[in-house]
Structure formats: C-alpha cells, structure tokens
Amino acid sequence: SVDVPNFQSCPLLKAIVFKVPQWEFLCRDGVTCVSWHWLCDGEPDCPDGSDESLDTCPEESDFKCSPNFISCIGTNKCIHLSQLCNGVYDCSDGYDEGVHCRELLPRCQQMNCQYKCAITRNSSRCYCRDGYETGSDGRSCTDVNECDTYGSCSQTCVNTDGSYSCSCVEGYVLQPDNKSCKAKTRPADRAPLLLIASSEKIEVLYLNGSQMSARSPVKGSAVVTLDYSYREDSLCWIESRDVSSQLKCSKISRAGTFPEEWTINIAQYLHNVQQIALDWITGNFYFVDHISDRIFVCSQNGSVCVTLIELDLSNPKAIAVDPTAGKLFFTDYGNAAKVERCDMDGMNRTWIVDSKIEQPTALALDLINKYVYWLDIYLESVEVVDYQGRRRQTITKGRQIRHLCGLAVFENYLYTFNSDNLSILRINRYNGTDVQALARLDNAKEIRVYQKRPQAAARSHACEADPHGMPGGCSHICLLSSSYKARTCRCRTGFILGSDGRSCKRPKNELFLFYGKGRPGIIRGMDLNTKISDEYMIPIENLVNPRALDFHAETNYIYFADTTSFLIGRQKIDGTERETILKDDLDNVEGIAVDWIGNNLYWTNDGHRKTIAVARLEKAAQSRKTLLEGDMSHPRGIVVDPVNGWMYWTDWEEDEIDASVGRIEKAWMDGYSRQVFVTSKMLWPNGLTLDYRANVLYWCDAYYDHIERIYLNGTDRKVKEKCCCFATGIFTVCIV
C-alpha cells in the first residue's frame with residue numbers, strides 16, 4: 001500500500017490497495033489509472049477500453065463522432081468511413097467488417113457517389129472528402145464552411161473551397177498549428193498574470209500557476225470580488241467586513257505587489273455585492289446586488305451611483321462588460337434562469353440564453369470573437385454562445401463542474417477554481433477534455449487574467465472629459481451606451497436630466513412615485529416625468545419590512561411603518577433627518593396616512609388589539625391616541641380626507657367561503673360617526689387611495705383581482721381595471 005497525501009483509496013481493488021488522485025479514473029484491470037477528463041472522449045486510454053465502455057459512458061450521453069466518422073457498436077470509439085469493409089477489423093466486435101460488405105457492394109456501386117461510398121451493417125451511403133459534405137441529393141459534394149464551426153480558428157477565419165485559413169488580430173501571432181493565436185509580448189510588456197480573490201488574500205500567479213506575490217486584507221475582513229484596469233495599472237476589489245464593505249484599489253507593480261492603496265467611498269451599500277465589473281475605458285464600476293436584486297453603476301470616484309436594472313431580476317449573480325462594444329452581460333436564476341445582454345447604460349435588454357440553463361454563476365467574455373462563456377453548476381456544464389445568443393456550444397460537462405467558481409478567458413484557455421480539490425484549473429476552450437490543474441489554493445472566489453490585449457484601448461470615446469472636466473459633458477455621470485462612441489448622461493439621486501441631455505437639475509414639479517420593497521427592506525422614489533428612471537429621493541435603507549408609506553409635501557418627509565421592526569419612522573427625500581417617531585405598542589401596522597392640514601399621522605394596527613390610532617407629526621410618542629378599537633378582522637389600508645373631515649380604512653376577512661364580507665369603513669377623523677361605506681362583493685380590499693379633486697376612492701381587491709372605484713357620495717361603483725392583485729407582505733401589488 002502506497003500512501004500519497006491528498007489521494008483517495010480505489011474501492012475496486014481487493015488484493016493490492018493503493019491510492020489514486022481524486023481526479024483520476026481506475027481502469028477495470030485494477031492497475032491503470034487515467035485522467036477523469038479522458039473518459040468518453042472516443043479514444044480508449046485503458047488497456048481494456050473500460051474508459052469508453054457503456055458502463056462508463058451511458059448511451060444517453062452527448063457523445064457523437066466527427067463528420068465522416070462512425071462509432072463502433074457498444075463503445076464510443078470512432079473510425080473513419082474509409083475503414084469500413086477494408087478487410088481490417090477496426091472495431092473490437094468486427095462491426096466494420098462482415099458478409100454485408102459483399103452483399104451491399106452492388107447497391108453502393110449503383111448510388112454513383114461523386115466521391116466515395118461507405119457500407120455499414122444495414123445500409124450504404126455516400127460521403128465526401130474532408131472539407132466537403134453530401135448535398136441534398138445524397139451523392140454530390142458541396143463545400144463545408146468550417147468558419148461556422150466553433151473552434152475552427154481561435155480568432156479570424158476565412159473559408160476557402162474545401163478548406164479554410166486562420167489568422168489573428170493585431171497584437172497576436174498565429175501559432176504553428178495554423179489555428180491558434182498567442183498574444184505578442186514585447187520586452188516592455190508585463191507577463192500575463194492570474195489575479196485571484198480569496199477570503200484570505202489576493203493571489204497573483206503566473207499563468208503556469210507559480211506564485212508571484214500575495215496581499216492579505218485588513219484583519220477581520222475578506223476579499224469578495226475583484227477586477228482591474230490595465231491602462232491604469234490598477235486592481236480594485238471589495239473587502240467585506242461583518243457589517244459593511246469597502247471598495248479598495250491599488251497599483252500593481254511589475255513584481256506583482258501593491259505599493260499604493262486607496263479606498264473609494266461609494267455612495268451605495270456594498271455589503272450585498274459579490275461581483276463587480278470595471279469599465280476600463282471610462283473607469284465606471286458596475287455592481288450586482290444579489291439581495292436587493294438590482295444592478296447599479298458608480299462613477300470612477302464613487303461620488304455618483306445610479307441604478308441600471310432592477311425589474312425582472314430575482315437572483316442576479318455574474319456580470320461582465322465589453323466597453324468597446326458597449327455591452328453589459330449578466331446572469332439571473334431566480335424566477336427564470338437566463339443570461340442577458342444590454343447596453344452599458346441599461347437599455348435594450350435582451351435574453352441571449354433562456355433554455356437548458358438552471359444556475360449560471362459565472363461569466364467570461366472573449367472580447368475578440370464576441371463570445372460569452374458561462375458556468376452552470378446545476379447542469380454541471382461550461383457553455384458558450386456569441387453575443388447574439390447563437391452558435392451555442394458545450395465546452396465541458398461533468399460532476400467536477402458543480403464545484404467550480406469564477407471564470408476567465410485568455411488565448412485558448414478558460415481559467416477557473418475547483419472548490420472541491422482546491423485547485424486552479426486551466427481548460428482548453430476548444431477541447432474540453434484538455435484540463436490541467438495549475439496550483440492549489442484555499443477559498444478562491446473570483447479570477448481574472450491580467451493582460452493588456454483583452455482590454456483594448458480606445459483612441460477616443462464618448463465619455464472623454466470636455467474642456468470643463470466633465471466626462472462626456474455630463475453633469476453627474478457618463479455611461480457608454482450602445483458602443484464606446486455613444487454615451488448616456490445620468491443624474492444622481494434627487495436630480496433629473498435636463499432637456500440638453502447633459503445637465504442635471506432639481507425637478508421643478510414635485511410629482512414622483514415612491515415605493516417600498518423587502519429583501520432587503522428599502523424605500524425608493526423616482527420621477528414620473530422622465531423617460532429614464534432617475535431616482536428622485538435618497539433611498540431609505542436598512543429596513544426589514546416597510547409595509548405602509550405616506551408623504552408630507554410641506555416638510556418633504558416620507559413616513560413609513562416597518563412592521564417587522566415594530567416602528568414608524570420618517571426621513572426627508574434628501575436623505576436627512578432619519579428618525580423613529582413611534583416604537584411602543586405597535587404590533588402590525590398595515591397602513592398609515594398623513595393629515596397635512598392638522599399635521600397628524602393616522603395608522604391601522606392589525607395586532608392583538610385591532611385599532612386605528614392618531615398622533616401629532618411632531619412629538620408623536622407624547623400625543624398618540626386610540627380612536628377606534630375592535631369590531632375589525634384585519635384593518636389594512638387607510639386614507640384621510642382632511643378637507644371634508646373623513647377617514648377611510650379597509651378591513652380584510654379571511655373567510656373565502658363567503659366572498660362578500662370584506663369592507664371599507666369610514667368615520668370622522670376624531671373616530672366618531674363610524675359606518676360601513678362599501679361591503680358587497682369584497683373580501684381582501686387593499687391599496688386604498690383618494691383622488692381629492694374628483695372625490696373618488698380607489699382600492700384593489702386581492703381576492704377578486706381587480707381595481708375598483710367609487711365616488712365619496714357612495715355612487716357609481718365600477719371596476720376600473722382587471723389585474724393580478726396579490727399581497728406581498730409589504731403592500732398589495734396590482735399588475736395591470
């Protein structure tokens with residue numbers, strides 16, 4: 001028994017027990033071990049061929065032979081069609097030879113093939129020499145466009161009659177195989193490096209896996225993700241602590257060390273960010289927040305951040321940018337797993353992969369060929385498509401994929417990390433069976449290849465600083481859009497874009513939409529008069545479950561009830577004066593309403609005591625009073641009409657058998673003269689709101705799935721919209 005560290009015992013051996021690496025396969029002879037990546041590749045590597053047997057390679061596998069080749073029955077061995085009926089037994093069971101060769105020969109001669117005819121056990125068929133394929137008549141030969149086949153050339157491909165030729169873009173040299181391209185390296189150029197983020201440190205490795213240097217984060221923190229700008233000789237990463245995270249950057253010396261480090265103060269919460277992408281042309285940072293389910297971008301100095309995408313996202317994960325093409329790519333596997341593409345300003349979203357995809361966790365871009373590679377840990381595969389979602393190809397698949405994290409591409413290879421055996425892997429992206437372990441590393445999370453060729457410099461771009469020093473002439477932040485020659489200006493929270501498309505200003509009208517959502521709890525606002533969803537107010541963050549909202553226009557306060565935290569608070573739209581105004585005896589506040597004339601706050605409490613209460617906007621804790629108690633099932637939404645002195649509230653009923661027991665009640669704003677206002681054909685009324693000018697009350701019924709309205713005099717009740725209404729735990733949402 002030979003004991004080698006990090007090796008595992010082979011369970012099939014009885015007489016002699018020795019240990020083999022976890023990434024090797026023991027042949028049936030009990031002696032020979034071969035790489036797992038050699039299994040089912042069509043070539044027997046075990047003396048007994050057990051690495052290609054049906055037991056090892058089930059029939060339902062995706063194995064198939066190359067054109068003009070055919071598989072031997074019972075194995076995954078491929079032989080050329082010219083080897084059929086040539087008098088030599090190439091298949092172990094003699095499948096390629098036999099009496100059928102003589103019996104089917106006349107039929108083969110009658111087919112009058114343009115090139116040659118092949119005889120199989122039960123039929124005959126024409127085939128063509130390499131570089132051609134049989135036409136629709138089954139006998140003639142036509143040229144094959146090899147350039148349509150993934151991997152024919154690593155970069156530029158030109159089809160010729162019966163063949164093709166490869167070439168390389170500027171900065172690369174064609175290799176002796178006449179298909180691969182290698183980056184040129186001048187004496188003054190840096191050697192390509194692997195930059196790896198792990199919990200303990202940032203590792204800098206050469207491409208062969210040998211270590212160059214390392215940098216440890218501040219004690220008590222960990223590196224989550226990283227990206228770099230070759231033009232700036234800088235590396236940026238997110239350093240996470242228990243309650244907060246910071247974006248840090250450093251210069252990279254030629255020795256791979258970090259001589260100069262600085263912190264970028266980002267105007268957004270980074271603790272939920274696990275992946276970033278750096279636009280090396282503008283210096284903007286793109287972030288994925290997997291808890292808030294949004295993608296946002298910040299300027300190079302971090303002073304301006306804007307949300308790009310937050311709709312139709314439920315678990316965004318990976319992100320990558322191609323600023324030369326003006327494209328942003330990201331993955332999502334919440335409600336629907338997909339790989340998406342959009343312009344770098346968030347416009348023109350397009351799904352490029354939405355089938356046969358489950359958990360895409362990492363992305364890498366081939367910026368020359370315009371390919372998108374992704375890692376799916378559920379389907380245990382690494383796949384690729386072009387930027388339009390075409391030419392899909394599986395690079396490699398198998399059990400080892402579920403343990404991979406991070407993905408980078410350079411020249412002919414993909415680089416990733418296997419968390420199972422703690423190894424950095426190099427995968428040939430044109431031959432997925434060619435996998436090499438480069439080095440062992442603990443807790444790697446992200447990987448990048450540091451080299452200048454992938455980050456092609458633009459001689460000029462749309463976000464260059466104008467004579468006043470403003471990028472792209474934009475007041476706040478300039479984003480590349482559909483290419484590096486086009487740009488979009490965006491404004492920081494609380495401002496809107498002017499008619500010139502560059503300047504930012506405070507909105508003159510005060511019409512805006514504000515809304516709350518959970519996971520994590522946050523309240524946002526956006527201006528209703530702009531085509532771009534600029535945020536009107538500084539978000540109210542660090543909430544748990546903001547179920548009820550209202551606004552006091554005179555003081556610019558947003559009032560909110562955080563039900564799970566059992567409090568009512570407020571914050572101004574400019575982000576100042578955040579405070580809790582009520583804390584005690586708040587069980588389950590489902591609705592609040594601001595009386596802007598009397599400067600009072602009303603709320604419903606669906607706790608043990610079913611109540612409606614009121615307090616002054618100032619010194620609320622000292623002035624609170626219960627107006628109504630009891631005779632309610634689940635008091636929810638509330639609105640006030642201080643001009644006419646009435647308040648209205650909804651009451652849910654859980655009994656679905658009698659779908660007419662929900663109700664809307666009203667009373668004077670001091671609690672007197674309580675009366676039922678609407679009750680028939682109603683069960684789960686929510687979303688109560690008043691049109692004060694038209695004297696119309698609107699609500700949404702989550703049971704009947706519609707929005708209704710009624711005049712305040714009790715007449716002309718109508719269904720306004722059929723919609724899908726449902727309770728979210730925050731408020732009732734109606735999708736029209």
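Just so it is clear, glycine is given a Cβ too, placed from its N, Cα and C backbone atoms.
Between C147 and the candidates C128, C157, C166, TrEMBL records the disulphide bond with C157. Packing against the domain 'EGF-like' (143-182) from elsewhere in the chain are residues 67, 129-133, 368-369, 384, 391, 393, 411-412, 429-431, 453: each is 6 or more residues past its ends and has a CB under 8 Å from a CB in it. Here the Cβ of C157 (disulfide bond) has 19 other Cβ atoms within 10 Å, regardless of which shown protein chain they belong to.
Non-local neighbourhood of C147 (disulfide bond): C153, C157, V158, N159, Y164, each in the same chain, at least six residues away, with C-beta under 8 Å from its C-beta. Mean per-residue pLDDT, taken over the repeat 'LDL-receptor class B' (556-598), amounts to 90.
Sequence-distant contacts of the repeat 'LDL-receptor class B' (556-598) (same chain, six or more residues past either end, CB-CB distance under 8 Å): 493-494, 514, 516, 521, 523, 525, 536-540, 543-550, 604-609, 615, 617, 620-621, 624, 634-640, 642-643, 647, 649-650, 669, 688. Secondary structure by DSSP for the repeat 'LDL-receptor class B' (645-694): 0 helix, 24 strand, 26 coil.
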